[in-house]
Amino acid sequence: MTQGKLSVANKAPGTEGQQQANGEKKETPAVPSAPPSYEEATSGEGLKAGAFPPAPSAVPLHPSWAYVDPNSSSSYESGFPTGDHEFFTTFSWDDQKVRRVFIRKVYTILLIQLLVTLGVVALFTFCDPVKDYVQANPGWYWASYAVFFATYLTLACCSGPRRHFPWNLILLTIFTLSMAYLTGMLSSYYNTTSVLLCLSITALVCLSVTVFSFQTKFDFTSCQGVLFVLLMTLFFSGLILAILLPFQYVPWLHAVYAVLGAGVFTLFLAFDTQLLMGSRRHSLSPEEYIFGALNIYLDIIYIFTFFLQLFGTNRE
């Protein structure tokens with residue numbers, strides 16, 4: 001009887017398997033042996049093979065597509081996922097080549113847009129016959145505004161035309177020409193010195209904000225709520241200004257509105273710049289180069305127009 005009561009540790013390696021195969025059931029000891037320590041369980045020293053199950057592997061036993069490395073995914077920055085957005089992505093920005101190509105493409109398109117707009121502004125500012133014509137025919141202004149609004153809604157809200165060549169470039173070209181006409185006509189009402197001054201200030205501000213956005217560790221993409229509140233403040237201030245300004249109730253309200261608008265769109269420029277970078281709470285998909293160029297272009301144009309309202313001097 002004594003010999004029949006073997007401890008679990010003294011069993012032969014094949015004994016338990018033979019008992020299970022024969023359908024026999026053997027009583028376990030009344031007092032089980034103490035479990036091994038962590039070092040014993042992981043090292044395997046002092047234990048017979050088969051006494052305890054093997055230690056789990058270090059890699060999770062999930063399929064590779066179900067595992068997301070938080071260090072390689074921009075959507076896991078700040079400790080929580082960002083959700084599924086149409087414009088945003090969980091694309092890994094570790095591939096520096098893809099990132100550089102995307103940013104280069106956005107800024108190439110942006111440079112062409114700004115050069116076209118600068119040419120139209122210069123034409124409407126320095127060429128007196130053109131300036132007189134556009135001021136005498138305001139219908140072209142409203143037609144350009146309608147084209148601008150329609151193309152902007154199409155590019156901003158419809159991912160199909162925005163992502164497919166050549167429709168995205170055609171729509172962006174029409175959008176840029178209409179916005180350039182609006183900006184040029186607005187500039188024609190100011191003297192040349194004011195326009196050049198505002199162009200210089202806009203260039204310095206935009207360059208400084210862009211460099212700062214690339215260098216700083218502060219995440220502007222996590223401040224969407226603050227930017228939305230500021231944008232709504234700017235919107236309702238514009239409505240109040242449109243009502244009060246014709247009656248000259250508050251003469252300085254226009255300057256306050258211009259300062260607020262320039263500040264809000266400067267923050268939006270930092271926000272849209274960091275969307276291109278990755279390594280932030282939100283980032284644009286590499287397919288959204290048209291959307292990225294569109295946003296930054298609008299930010300720069302709005303900053304310029306608000307500076308014109310703030311520093312510009314009307315033509316006599």
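The backbone N, Cα and C atoms fix where each Cβ goes, glycine too.
Around the Cβ of Asn191 (N-linked glycosylation site), 15 further Cβ atoms fall within 10 Å across all displayed protein chains. Swiss-Prot lists Asn191 with the feature N-linked glycosylation site, giving sequence analysis as the kind of evidence.
Look at Swiss-Prot and you will find 1-46 tagged as region 'Disordered'.
Summarising the annotation, Swiss-Prot assigns transmembrane segment to 106-126 (among others). With a cut-off of 8 Å between Cβ atoms, the residues of this chain six or more beyond the transmembrane segment (106-126) that come close are 134, 172, 176-177, 179-181, 183-185, 187-188, 190, 192, 195, 199, 276, 289-290, 292-293, 296-297, 300-301.
Swiss-Prot lists 138-158 (among others) with the feature transmembrane segment.
Swiss-Prot lists 165-185 (among others) with the feature transmembrane segment, giving sequence analysis as the kind of evidence.
With a cut-off of 8 Å between Cβ atoms, the residues of this chain six or more beyond the transmembrane segment (194-214) that come close are 118, 121, 125, 187, 220, 266, 269-270, 273-274, 277, 299-300, 303-304, 307-308, 311-313. The feature transmembrane segment is assigned by Swiss-Prot to 194-214 (among others), with sequence analysis given as support.
Annotation comment: Swiss-Prot describes 225-245 (among others) as transmembrane segment, evidence class sequence analysis.
Per Swiss-Prot, the feature transmembrane segment maps to 251-271 (among others); the stated evidence is sequence analysis. Residues 205-206, 209-210, 212-213, 220-221, 223-224, 227, 230-231, 233-234, 237-238, 240-241, 244-245, 295-296, 299-300, 302-303, 306-307, 309-310 of the same chain lie 6+ residues outside the transmembrane segment (251-271) yet bring a C-beta within less than 8 angstroms of a C-beta in it.
Among the features that Swiss-Prot reports, transmembrane segment is placed at 290-310 (among others), with the record citing sequence analysis.
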